[in-house]
Amino acid sequence: MEFLSNFFETANMGIVVALFVVGLIFIIKGGDWFVDSASWIAEVLGVPKFIIGATIVSIATTLPEMIVSIVATADGKVDMASGNAVGSVTANTAMIMGIFIVCMPFAVKRKEFAPKGLMMLGAAVALTLGSALTGLIKVPGLEGEYHTLSTVGMIALFAIFIAFFIENFVSMKKSSVQIEPDPHGIGLQEEDDVVPSKGTATGKEWAKNIVLFVVGAICIVVGAQLLINGGTRIAKEMHISERVIGVIAVAIGTSLPELVTTITALRKKEGALSVGNILGANIIDLALILPICSFVSMGKGQGALVVSTGSVFDMIICVVAVSITVIPTLFTKKLQRWQGIVSLTGYIAYVVYTFVAA
């Protein structure tokens, strides 16, 4: 990771552009393999694609955020680390989910959506309140006013991740019950996406799809890194702050796997897989990656994570974005087009404001 960063900082711009294109090809093709294999695994195991998206797919697509945030914390770039995690959730929810539901409004099953939606909202609110309530403090060696991400707050977030893990485990156990598919497809609704059904598969088929899943995930991660480093270099040359690079440039870059997975799922009509992926990825970003970064910071003797007042503002925007997606859907059981329009419009305004105010 450090090698790539150093290489992009010194490379000729022609090479940077070429690698950017290669990265784009990687994430597009990798996204195809990734979604196809994940869908196949879900059908064979009889597990709803929403659950597969919220577990296996979301863990794989959050690897870029995890790597970038941990490395940034180890290097003492805490604003970039927290900005990347929080910014990725905002980008996933307002931009990627916004694009998805504008193109394809989607009915959800409340029993699947509600637990994860509420966990995502709870994690965002807990992080924001925990940071805001530490008050404005003076941190030795730093200019300006800063907030801390307290150890208690990080433990609370990690508890949400544990609850998320347990809820997914229980859901997968319940879904292991045989569900008879409708041979004629009569009565299928958008919220069902594809009726989960167990099937038999040969060892060769399993090997092929596992390889495609792993290779697809690797292609997405590598492609995202090529795009992230190129974008970061451009941002630095434009004299953009570390926080803005983290919350906008790097956050959007590390959200590319989710974006590619969503676009591919949209094209293949795999709506449940996409929604589950975004919810799961957001919970992992907030409730796993930030606590890990906190532990890394304490392990290096740096104490609790310290973030700027601007980062707390980013957290508030994150809560608003998540609320627009979650709260109406809990009542209507639908992700509606107006939610996508409001989310996308708000995200564009937020990005413009962040750059102008930087």
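Any Cβ shown, glycine's included, is placed from N, Cα and C.
Annotated domain 'Sodium/calcium exchanger membrane region' per TrEMBL: 16-166 (among others), in sequence order.
Residues of the domain 'Sodium/calcium exchanger membrane region' (209-355) grouped by DSSP class, helix first, strand second and coil last, total 126 helix, 6 strand, 15 coil. The domain 'Sodium/calcium exchanger membrane region' feature in TrEMBL is assigned to 209-355 (among others).
TrEMBL lists 12-29 (among others) with the feature transmembrane segment.
As annotated by TrEMBL, transmembrane segment applies to 50-73 (among others).
Marked as transmembrane segment by TrEMBL: 85-106 (among others).
For the transmembrane segment (118-137), the list of distant contacts is 86, 89, 145-150, 152-153, 156-157, 160, 163-164, 167, 279, 282-283, 286-287, 290, 307, 309, 311-312, 315-316, 318-319, 322-323, 326-327, 330: same-chain residues at least six beyond its ends, Cβ to Cβ under 8 Å. The transmembrane segment annotation in TrEMBL covers 118-137 (among others).
Annotation source TrEMBL lists transmembrane segment at 149-166 (among others). Note on the transmembrane segment (149-166): residues 82, 116, 119, 122-123, 126-127, 130-131, 134, 280, 283-284, 286-288, 290-291, 294-295, 298, 304-307 of its chain, located 6 or more positions outside it, place their CB under 8 angstroms from a CB of the stretch.
Residues annotated as transmembrane segment in TrEMBL: 210-228 (among others).
The feature transmembrane segment is assigned by TrEMBL to 244-266 (among others). Note on the transmembrane segment (244-266): residues 27-28, 30-32, 34-35, 57, 60-65, 68, 72, 77, 79-84, 86-88, 90-92, 95-97, 99-100, 103-104, 220-221, 223-224, 227-228, 231-232, 234-236, 273-274, 277-278, 281, 311, 314, 351, 354-355, 358 of its chain, located 6 or more positions outside it, place their CB under 8 angstroms from a CB of the stretch.
Per TrEMBL, the feature transmembrane segment maps to 278-298 (among others).
Feature annotation from TrEMBL assigns transmembrane segment to 304-331 (among others).
Annotation source TrEMBL lists transmembrane segment at 338-356 (among others). Packing against the transmembrane segment (338-356) from elsewhere in the chain are residues 90-91, 93-95, 97-103, 105, 240, 244, 247-248, 317, 320-321, 324-325, 328-329: each is 6 or more residues past its ends and has a CB under 8 Å from a CB in it.
Most Cβ pairs under 8 A with the transmembrane segment (210-228) among the ranges 50-73, 85-106, 278-298, 304-331 are made by 50-73. Remote same-chain residues near the transmembrane segment (85-106) are listed as 62, 65, 69, 120, 124, 127, 190-191, 246-248, 250-252, 254-255, 258-259, 262-263, 266, 271, 274-275, 278, 281-282, 285-286, 289-290, 293, 311, 314-315, 317-318, 321-322, 324-325, 334-337, 339-341, 343-344, 346-347, 350 (criterion: CB distance under 8 Å, separation of at least six residues from the stretch ends).
Listed by sequence, the residues of this chain that lie at least six past the ends of the transmembrane segment (278-298) yet keep a Cβ under 8 A from its Cβ atoms are 53-55, 57-59, 61-62, 65-66, 69-70, 72-74, 78, 81-82, 85-86, 88-89, 92-93, 96-97, 100, 113, 116-117, 119-120, 123-124, 127, 149, 151, 154-155, 157-158, 160-161, 164, 168, 258, 262, 304-305, 322.
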